């Protein structure tokens, strides 16, 4: 494949050589238990890349997707891989490579969550972990392997990882991997896979290294180029309240609720213990509150989200688990009780309120220690977070 048509695109453009766009998860012909896992994970509607890439991947086509993090790309290949796995065949059927251990583990967790109701085994084969554990996992049989190139190649070469039944090879952040000195190992892995293996490649950019892979190892790929979703901060008014000290946050929250009338709000905290603390305190003040965090069983998360969507609970307190991929249409207010511990999550948290053109308000509680982080966030997103005006209530009338 030549590099024609592979180029940076305007933020509102999606460029592809594949015409089918599917706007609902229910219309993707997925196994019912995958759809259950998707909704449980927090997705309601597919993102731009999910609308376009899941179908060709589940059809077995080679796919080249240019997409950055924050577009829903991990769930795209996770859903597709789970759909293609034969649950009765215990051999490895899908191999996913990532440039770092952290990303590999993150992907494994997404697969485990979305595949919660399936009988699918997943294993992370990554450097820096026990070789023996790896060997045991391969001996006992794993259907999906997520790993870093060095360790995966090592396992294949030593014949612990048997590739005969692999039908999907997915490379996440391919540009990152190919520029980080993994090229030779990746090429060697390619050569040790069955010739019929489907190749799915995700990359934020399309340098020569990536295009070379598409030419050498991909068969007439579907190309999907999706720029990062820029609806993010548009239409969302961002404010901060200088609470000075952590201990003053709760009183500040109660004062805020006295001065505004809001249908529903999401409040973000950085830790599970803070979520639980705040939930208890607000319930004691007679607020109708739900809480959600990563340690809750999936069934419980499903119920909580259902209650919140139906409006029977007015405040949802959450950790960053919720910050990606959930569209709660009626939320007009997001409160960062804690500023996020990394800048990237800010947009996922507050983007919630303004999705699909809906206006929203985001209020950040800022202690003296948080001022630096808030300035970093402003710089990172080229945005301005203003001090909350005294007449904030007028925004909600």
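Using N, Cα and C of the backbone, Cβ positions are placed for all residues, glycine too.
The ATP binding site annotation in Swiss-Prot covers 67, 68, 69, 70, 71, 72, 73, 74 and is backed by sequence analysis. All protein chains included, residue 74 (ATP binding site) registers 23 other Cβ atoms within 10 Å of its own Cβ. Reduced to three states, the DSSP call for residue 74 (ATP binding site) is helix.
What Swiss-Prot records for 54-224 is domain 'Helicase ATP-binding'. If you average pLDDT over the domain 'Helicase ATP-binding' (54-224) in this model, you get 92.
Sequence annotations record features per position, and here Swiss-Prot assigns domain 'Helicase C-terminal' to 235-396.
For the motif 'Q motif' (23-51), DSSP puts the residue distribution at 17 helix, 0 strand, 12 coil. The motif 'Q motif' annotation in Swiss-Prot covers 23-51.
Counting residues 6+ beyond its ends, the motif 'DEAD box' (172-175) has Cβ neighbours under 8 Å at 73-74, 77, 96-99, 103, 107, 201-207, 209-210, 213 in the same chain. According to Swiss-Prot, the feature motif 'DEAD box' maps to 172-175.
Cβ neighbour count for residue 72 (ATP binding site) (all protein chains, 10 Å cutoff from its Cβ): 22. The DSSP secondary structure for residue 67 (ATP binding site) is coil. Residue 67 (ATP binding site) has a Cβ environment of 24 other Cβ atoms inside 10 Å.
Counting residues per DSSP class in helix, strand and coil order gives 2 helix, 0 strand, 2 coil for the motif 'DEAD box' (172-175).
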